[in-house]
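In case it's useful when we look at the structure, here is the feature table from Swiss-Prot:
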type	residues	note
BINDING	ARG22, GLU81, LYS121, LYS447	(6S)-5-formyl-5,6,7,8-tetrahydrofolate binding site
BINDING	ASN227, SER246, ILE248, THR251	K(+) binding site
BINDING	227-232, 246-252, 271-274	GTP binding site
BINDING	SER231, THR252	Mg(2+) binding site
DOMAIN	217-373	domain 'TrmE-type G'
Amino acid sequence: MTSKTIFAQSSAKGKAGVAVFRISGSLSLLIVERLCGKFNIVPRKVYYRTIRCYATSQVIDKALIVYFKGEQSFTGEDVVEIHTHGSVAVAKMLTRSILECDGIRLAEPGEFAKRAFLNGKMDLTMAEGLVDLIESETLMQHKQAIRQMEGELEKLYSHWRGMLIKILSFIEGYIDFPDEEIPQSVLREAKSIINNLTREISNHLGDTRKGEVLRHGIVLAITGETNTGKSSLLNYLTMREAAIVSDIPGTTRDVIEAHLDIGGYPIIVRDTAGIRESDDPIEQEGIKRSLVAFKNSDIRILMIDATNINSVNQTIAHLLNDVYTIIVINKIDLVNYKYDSSILPCDKPIVAVSLLKQVGLDRLMSEIVSYAEKIADPGNVPAITRERYRNSLNKALELLQLVNLENDLVLAAEDLRMAIRYLEHITGKIKIDDILAEIFASFCIGK
């Protein structure tokens, strides 16, 4: 527990219908008394009161006030929420009036959540799930964040930790009494648990980073020769003029990026410079960046002009076999297009469209969503959402693979202890100040 009472605006700053302010700590009720006068406040009940500046008695606003008693609050401390009108002036006056009280200060970013963690209201994975929920922009990101915030990863890692503690207790018992012979049944059970955990952690790590990709966004790059309709496709996807569309080859010279929600998945679309032979050094640099963006993307859309399909250049031809590539044949309104397997591979989705006439685009969207599901949908299994989880799990796995119960039990016990610690690093059972500071600094103020 920390003695200092903290305060912050939890809602977004600026003009709004309602603003929410949060106070956490032992002085919460005293501050309410200073603002509203003394009254019998019952936990979890809403009160409508006039709030005034304590020093001048000037009316600040009429507000709703809710009190949450320590064990039933978000932070595990006494918490008061004040709901005012969303006026900038009200926010300034209320903040100034509250901070005039001794023993209270403005909260640091993430400090409310940090207190919730320190008071045992949530573990670190749940706290980070809360961050992901706040930052989620699509349905699938929201779904993953809710699962983590409700303790899906915490339950899994705590279960693994419990199994390792069980084995460690077996081993330490025989280390303390070396004259006792370990029964074969105990050895078999311990080996079985270690083998099962090794397999489960390996499978968990072999998730092709779906949780991390979903959290950060799926990168989709659009490339192709000049004037195939790449910028027109970007404009269609964004439903605005995000890129200049022109008949002049080489109009797009740099990578243009847009963040979209497609089928509930966060898609980062990158329109790239058209690929062709050019003597212009600026355009050459744009083409170079296009190929890098294409290579580093998760989903690739290769645009081909239906009126010029027989003259696909070699650079483009090499891109046809990339994983998760969708081949889009554009301008089918200008020619009677027919698929030719001698020109295009048959193992990739080939979508014939007319961006001008808005033909074939529903199927293109379906293909994008289909690839997004393969890349970033973890299904019903818990997903690793952060690199720090992955690093700790890899280290725990390496230690489990070293455990040999047939030889040195002291060494085996130490390997198990270290594996347990790495699992505890993830959930925060072992509190490392540097890790805590980094995690909670990423929160917004007021959370």
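Cβ atoms here come from the backbone N, Cα and C positions, even for glycine.
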Take the domain 'TrmE-type G' (217-373) and average the pLDDT across it for me.
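80, rounded to a whole number.
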I need the most crowded of these binding-site residues: ARG22, LYS121, LYS230, LYS447. Count other C-beta atoms within 10 angstroms of each C-beta and give me the top one.
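By the 10 Å Cβ neighbour count, LYS230 comes out on top.
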Cβ neighbours within 10 Å, counted over all protein chains: which one of the binding-site residues GLU81, SER231, ALA273 has the most?
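For the binding-site residues GLU81, SER231, ALA273, the Cβ with the most other Cβ atoms within 10 Å is ALA273.
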Taking only the Cα atoms, work out how far ASN227 (K(+) binding site) lies from ALA273 (GTP binding site), in Å, as a whole number.
10
Pull out the binding-site residues from the set LYS230, SER231, ALA273 whose C-alpha sits within 10 Å of the C-alpha of GLU81 ((6S)-5-formyl-5,6,7,8-tetrahydrofolate binding site).
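If one measures from the Cα of GLU81 ((6S)-5-formyl-5,6,7,8-tetrahydrofolate binding site), no binding-site residues come within 10 Å, so the answer is none.
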Considering each pair of residues in ARG22, GLU81, LYS121, LYS447, all listed as binding (6S)-5-formyl-5,6,7,8-tetrahydrofolate, report the largest CA to CA distance in Å, no decimals.
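Across ARG22, GLU81, LYS121, LYS447, the two farthest Cα atoms sit 18 Å apart.
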